[in-house]
Amino acid sequence: MLGQCTLLPVLAGLLSLESALSQLCTKDNVSTCQDCIRSGPSCAWCQKLNFTGRGEPDSVRCDTPEQLLLKGCTSEYLVDPKSLAESQEDKERDQRQLSPRNVTVFLRPGQAATFKVDFQRTQDNSVDLYFLMGLSGSAQGHLSNVQTLGSDLLKALNEISRSGRIGFGSIVNMTFQHILKLTADSSQFQRELRKQLVSGKLATPKGQLDAVVQVAICLGEIGWRNGTRFLVLVTDNDFHLAKDKTLGTRQNTSDGRCHLDDGMYRSRGEPDYQSVVQLASKLAENNIQPIFVVPSRMVKTYEKLTTFIPKLTIGELSDDSSNVAQLIRNAYSKLSSIVVLNHSTIPSILKVTYDSYCSNGTSNPGKPSGDCSGVQINDQVTFQVNITASECFREQFFFIQALGFMDSVTVRVLPLCECQCQEQSQHHSLCGGKGAMECGICRCNSGYAGKNCECQTQGPSSQDLEGSCRKDNSSIMCSGLGDCICGQCECHTSDIPNKEIYGQYCECNNVNCERYDGQVCGGPERGHCSCGRCFCRYGFVGSACQCRMSTSGCLNNRMVECSGHGRCYCNRCLCDPGYQPPLCEKRPGYFHRCSEYYSCARCLKDNSAIKCRECWNLLFSNTPFSNKTCMTERDSEGCWTTYTLYQPDQSDINSIYIKESLVCAEISNTTILLGVIVGVLLAVIFLLVYCMVYLKGTQKAAKLPRKGGAQSTLAQQPHFQEPHHVEPVWNQERQGTQ
């Protein structure tokens, strides 16, 4: 619980930080009011005269409204255009289901504009229904039943509208034929249906979805009115689609144009197939609401299309087709009670979302389309339309429409990327007669620049002059410590005593250096500061002049600085790698390395030059070194050699002195006698142990019992077998020959 309580303030802080960051005004490369308002939705411009001080850039005028007010700009001088929408009230509201008719939106990049669209459902004045049926061999039973439904269908349409009309078309062997234009004559509808015959083939009518698109786009041929439009497809077969990212695998894609010639669909030589995108687009574009009536075994297959086609209704066809009229009634009730608000194609820099407030009390904000269900006649629903732009744009138009209904809203979008400033032409004298006053700043004539057009440029603009007062594009003009006058920085006088500001960009001063003993550069007697660096007087060194130049602490007893293996800094040795402070005299482990030179010592002692080639870094000395000793080393013969190593200053070569005499251990007679005695004792002990073991074994053997006396033989043993000898045959033959 404590962790949750701790987390809440953190989350609140993060939200506050995000809100604060969203209100920041980024004003890179801003020099005019237009640049300012285009740089971000939170930026405003102050057009007050003389708002900036001497040398201050015009970008100071660009900031958030709150910051500009704090800087002394009053609200009357703020230029801060806001996105807004103006709706044109509909004088014919009672005759329309969707209002308003027109909306004009003024849109500033990054700042949303909102407006409301109301939809009120009324009874339809006109409903057109086109009946499209697949007539493959398997449709014989359905055709017979549908042929008697003409009056029932028209009666169903007139129940839901003031004027209903029906039309008919068929699909036979992948070919669509438009048979009856939309009409209010149910008898004619029935007569045309009775003329139809099913195909003798049982093949699937593969062109049925292409026929759906032809019905949708051939407006004149079908006879669609500006009212509610329904397309009923009755089929007992699967569908085929062109290859796209959703469904289907075929390759020949329809061109989306009307190809009816005297009622017959004329393809381009090979069958065309619709993609889901084409199908949904053409139905929505022409405001046609599809109803697909299929047998129960095909319902799940066709329901896949509902994901991609808005307001598509799938009905289950009974075995005797008697429920077609009721399916149409149910589909109309369902489709008419669902209101889906959508818009035509818009450029990618514009974004439109919808907040839906439905009649049943539900709401659905921030969606790419408006959506309310359960809308009954005379119910009103409201949609809030939100539109934003990512950048400045040209004038745009788009339309908002409720799918399945003819009414639409025309939206005109205009960019807010220019400043509407106060008239200031009377203040042209502030520009020295060489420019005009606009939005609080001088717009200089060609050849002049500067805050008051006081600089004669022969080409460079005011912005170019300001650029010469910056070290780089990311730096502040004159480092924020000076004024840019005609392209040159005039540095301010500091209010801190003895502080001086100077440099081409006012980037230098005489105080921002390292300190020693609480003073800049150790005080004036040690050095002085210039542009962030200490310049020391004679006798002092160091980044803060903290060190004296004396080297007494770096000299060894031979008066060599750091023993030649380092440098003296601040009277202390900084030793080279491998040498030890304080005077860099010996390497770490120097005495341990004596043993490494033992073989060289013996080699040099024996004066065997050929064997001593690996001792190139040793210099043999005949003179012993004072106070330089090494422990002695012993060889395999027991002789001890004493030698001394010495490394001179400023050299990596060791000198070696080897003591002339070898100390070898001598073997005395007493030592020999002791060795003999020990050997004899060990031999006697071995013989005694052997005899004792032998006697014990003999005694154990004598105690074993004897059966049958000493005459016992192997033949008496239970496992013994008498050997059997057979005389070789060759021996007998040999005797016979003899």
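First residue shown is number 1, and so on along the chain.
Including glycine, each Cβ sits where the backbone N, Cα and C put it.
Looking at Cys506, Cys534, Cys536, the record from Swiss-Prot puts Cys521 in a disulfide bond with Cys534. Of the cysteines listed (Cys573, Cys575), Swiss-Prot assigns Cys573 as the disulfide partner of Cys562. Looking up Cys554 in Swiss-Prot gives a disulphide bond whose other cysteine, out of Cys536, Cys568, Cys570, is Cys568. For Cys506, the partner cysteine in a disulfide bond according to Swiss-Prot, taken from Cys486, Cys491, Cys513, is Cys491. Candidates considered were Cys372, Cys392; Swiss-Prot assigns the disulfide partner of Cys358 as Cys372. Mean model confidence of the domain 'VWFA' (126-329) amounts to 78 (pLDDT, 0 to 100 scale). Secondary structure of the domain 'I-EGF 1' (421-454), assigned with DSSP and counted as helix (H, G, I), strand (E, B) and coil, comes to 7 helix, 10 strand, 17 coil.
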